[in-house]
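Undergrad: Below are the features I grabbed from TrEMBL:
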ACT_SITE  Cys124  active site, nucleophile
BINDING   Cys52, Cys55, Cys101, Cys104  Zn(2+) binding site
DOMAIN    13-135  domain 'MsrB'
Amino acid sequence: MGGVPVDKLEKTLEEWREMLDPEQYNVCRLKATERPFSGKYNDTKTAGVYHCVCCGEALFDSETKFDSGCGWPSFYAPLEGSAVVEVRDVSHGMIRTEVVCAKCDAHLGHVFPDGPPPTGLRYCINSVCLDLVPRQ
């Protein structure tokens with residue numbers, strides 16, 4: 001995604017391991033995936049902004065969240081600007097597009113071209129990578 005450049009936050013894997021719980025570390029830093037339908041935000045309807053659990057960067061607005069039935073929170077667009085970066089992912093014998101936090105490079109999930117209007121995209125994001133800040 002284009003937009004305003006983000007000041008990068010860089011830490012060693014050991015520093016990340018110390019600040020994150022084991023599941024957050026495995027998913028955000030080692031690119032694991034949480035089990036489908038297990039994440040705390042999969043069914044959440046609370047209005048607010050979803051932030052990166054690693055660095056606090058605002059990533060997705062609840063207004064763009066939809067129920068895709070895939071077992072992970074799904075959004076049709078990230079926040080405007082440069083909140084996320086899309087990276088080609090050829091792991092596990094597939095060609096996909098990985099979604100990472102623009103500020104700290106945390107693995108968030110993947111984006112697929114099967115979402116609803118207006119973008120036709122489905123940002124499939126691991127709950128464990130997110131921190132929801134409710135609207136006041």
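Backbone N, Cα and C define each Cβ position, glycine as well.
Unlike curated records, TrEMBL annotations are generated automatically.
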Undergrad: If you draw a 10 Å sphere on the Cβ of Cys55 (Zn(2+) binding site), how many other Cβ atoms land inside?
TA: 17
Undergrad: C-alpha of Cys101 (Zn(2+) binding site) to C-alpha of Cys124 (active site, nucleophile): distance in Å?
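TA: So the alpha carbons of Cys101 (Zn(2+) binding site) and Cys124 (active site, nucleophile) sit roughly 13 Å from each other.
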Undergrad: What is the number of residues in the domain 'MsrB' (13-135) that are helix, strand and coil, as DSSP sees it?
TA: 24 helix, 40 strand, 59 coil
Undergrad: List the residues in the vicinity of the Zn(2+) site, defined as same-chain residues other than Cys52, Cys55, Cys101, Cys104 with C-beta within 8 angstroms of the site's C-beta centre.
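TA: Not counting the recorded site residues, we get Leu9, Val53, Cys54, Gly56, Glu57, Ala102, Lys103, Asp105, Ala106.
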Undergrad: Nearest by CA distance to the residue listed as 'active site, nucleophile': which of the binding-site residues is it, out of Cys52, Cys55, Cys104?
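TA: Closest recorded candidate to the residue listed as 'active site, nucleophile' by Cα: Cys52.
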Undergrad: So what sits near Cys52 (Zn(2+) binding site) in its own chain, CB-to-CB under 8 Å and at least six residues off in sequence?
TA: Leu59, Cys101, Lys103, Cys104, Ala106, Leu108, Cys129, Leu130, Asp131
Undergrad: Which of Cys101, Cys104, Cys124 has the fewest nearby Cβ atoms, counting only those within 10 Å, among these recorded positions?
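TA: Result for the recorded positions Cys101, Cys104, Cys124: minimum number of other Cβ atoms within 10 Å at Cys104.
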